[in-house]
Amino acid sequence: MGNREMEELIPLVNRLQDAFSALGQSCLLELPQIAVVGGQSAGKSSVLENFVGRDFLPRGSGIVTRRPLVLQLVTSKAEYAEFLHCKGKKFTDFDEVRHEIEAETDRVTGMNKGISSVPINLRVYSPHVLNLTLIDLPGITKVPVGDQPPDIEYQIRDMIMQFITRENCLILAVTPANTDLANSDALKLAKEVDPQGLRTIGVITKLDLMDEGTDARDVLENKLLPLRRGYVGVVNRSQKDIDGKKDIKAAMLAERKFFLSHPAYRHIADRMGTPHLQKVLNQQLTNHIRDTLPNFRNKLQGQLLSIEHEVEAFKNFKPEDPTRKTKALLQMVQQFAVDFEKRIEGSGDQVDTLELSGGAKINRIFHERFPFEIVKMEFNEKELRREISYAIKNIHGIRTGLFTPDMAFEAIVKKQIVKLKGPSLKSVDLVMQELINTVKKCTKRLANFPRLCEETERIVANHIREREGKTKDQVLLLIDIQVSYINTNHEDFIGFANAQQRSSQVHKKSTIGNQGTNLPPSRQIVIRKGWLTVSNIGIMKGGSKGYWFVLTAESLSWYKDDEEKEKKYMLPLDNLKVRDVEKGFMSSKHVFALFNTEQRNVYKDYRSLELACDSQEDVDSWKASLLRAGVYPDKSFTENDENGQAENFSMDPQLERQVETIRNLVDSYMSIINKCIRDLIPKTIMHLMINNVKDFINSELLAQLYSSEDQNTLMEESVEQAQRRDEMLRMYQALKEALAIIGDINTVTVSTPAPPPVDDSWLQHSRRSPPPSPTTQRRLTLSAPLPRPASSRGPAPAIPSPGPHSGAPPVPFRPGPLPPFPNSSDSYGAPPQVPSRPTRAPPSVPSRRPPPSPTRPTIIRPLESSLLD
């Protein structure tokens, strides 16, 4: 039974399944399947058993199928079954198959009617089946029993939808003929996921159990309640047949005899029964497989491309080749050197867009981090001026000097140059760490050989640390060279003359009033900016207030905020001095004041301007900045150290001018030194560390690897890598084979066009007003009789009224006479006691009227309520 094309097609699909099941990827490859959907006791399991030709599925009342059963039928000379959870075990007794299904179901769901979405995978080999893959799903129910949860209806629905929503799943909607087809939950679920009806095939079971005098002819002919793929009727064995040991072969013969002998079905007997259902499914499966092949091929090609680059390295792997390890070692070291160079020097191909490479990070160290460390090394202005003052006084000793001593300048400059050692050595440490990180990233390619990876990393890291020491020695030497000779004749150095002139300009204040904006740019250089609180003015106005202050060489201005758009006032620095103010008892601020030596008002009606900071360090810093602008402390408020310590700021104008001169000289010379150091340190690191490490890797690494350990030990492959290589090669071959199989399928098969769409709106409107279903009984429920052709039979049979019990024989009654039908012959030879159908037009004379309504007597029983109402 079955067609030869399908017998050639499905083994190819099964080969696809087998190829990927071995790799654990069958779940990722959505191969076409057929899902059997229906209500409880609809005959789903019986349909499956007819395919297999054996009794092997559990039977009983209520919910029997409690887990999805994935059934793969394979044509074979021998007859046996295999479970995925019992690999290698063949079941030749199908009673054992039934017991194993029940036992496996109970292992997961328990023994009290519980359900689970975990499928049972069963493959049946038999000469009596076609090659098909089907899924038996739990029957649709609404009332929970046993251990079933209250939402059993929704759980089963979700489980069914999990399978039938896949676009590559054909839906076998099973509905008993003795129930209302219009309310079939199976067809409604299929309609939800397959609105076009391209994947849905209707199956009508229990045709032999319909009430006498009724049939499902109009449904099977797809005239009433149509589906795009139509319906196939089947007759399954009854429980009595099973108890009587009626085998499948006898059941098939009985099914064939039923359709040939039944007057309503014998003209379509060749399109009914399990054999025809198998052929229909095979053809639909063929079409579906061919339709899904393009997407399937794209998926396989995508997987193949994703691993092809990696597999390329494994293709030429020959474990038996004695020179393999030597070649591999040379290739690995060469690749490591290339990777290291690319990460340091940069590369135009395969640019990493996720993180900075080692070379880019070193560039940031050279041009961002190192200059920042130098700038961060700020001079304490107050401390620096004190040191300059001490140096001048100590050089003069007991004498009173007339000139600014250059030895004080050299002493201060040398001390500041030595401070550059810290940032310079720190930059060496940062570059060394980045080189080691780069080596670790490059050795990831050597991870397949653990010992080689470990030795390479160790040897190169040791060399980097060795070069680190030599680089630091050279950096310290550069600093010492700068300390050894102070070149005051440098072209960029301002010299003593310019420094003294600049210092004298600080003391010569021009009386320009409040016109600082007209000064030349050199006089408008900002010395300091920051927030200060004006305390004495704010007290009279209800509280102190903060302003943004800007100090230049000529004025002190304050603004509303740091955007410097709204200027409040600009105070000239002429004749101003600074003094300390005692902190108030309740105040947390530190205050200093500016006042005019000529007893003039500083700001409006105020003789002094009291400014507050959050800390004493801020006060000292502002006072030092004011000193640079020429605002000196008041003598009367200068505190002397009684323990022999010198005063913080000398009030000797000559000394202050000398301090300012040396301060300017120190600034000028240190800018020259900083520029030189910022240029030389990166060059030194580049030459002694980075370039040296690159040369070492290219020229000496291989020799040191050979001398450090035996070659065979170095090139021992990790177990994980060997397994991974074998797995990748197997995957690669399986993907290539799968693509070849797809090509074979396209060659040996032909698609058949889908049938035209039909009006299946009855599925959408059945909730509101279900139409009469001929699969239960034909009912004459119209308010007025439809016009019929004339008939010679006389009045139509009566509509029987329902008896007191649903199973009691009906009592017929006759309505008024109907118009006669045009023909009187009965082409179906119905028995005399059952009125037969009216004859239809011969095939050669097409009828212009719709098919006449049936005239056989029908039995009226109460309508079954829809499961979806």
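Using the three backbone atoms N, Cα and C, a Cβ is placed for every residue, glycine included.
Owing to the predicted nature of the structure, the values given are computational and were not obtained by experimental measurement.
In Swiss-Prot, the feature region 'G5 motif' is placed on 235-238, out of the ranges 235-238, 299-302, 635-638. Broken down with DSSP, the region 'G4 motif' (205-208) shows 2 helix, 1 strand, 1 coil. Sequence-distant contacts of the region 'G5 motif' (235-238) (same chain, six or more residues past either end, CB-CB distance under 8 Å): 43, 46-47, 50, 205-209, 246, 251, 254-255, 258-259, 273. Here the CA atom of Ser41 (GTP binding site) lies 102 Å from the CA atom of Tyr603 (phosphotyrosine).
Counting same-chain residues at least six beyond the ends of the region 'G4 motif' (205-208), those with a Cβ under 8 angstroms from any Cβ of the stretch are 42-43, 46-47, 174-178, 215-216, 233-236, 258, 265. Nearest by CA distance to Lys44 (GTP binding site), out of the modified residues Tyr231, Lys299, Lys604, is Tyr231. For the domain 'PH' (525-631), DSSP puts the residue distribution at 19 helix, 49 strand, 39 coil. Tyr231 (phosphotyrosine) has a Cβ environment of 24 other Cβ atoms inside 10 Å.
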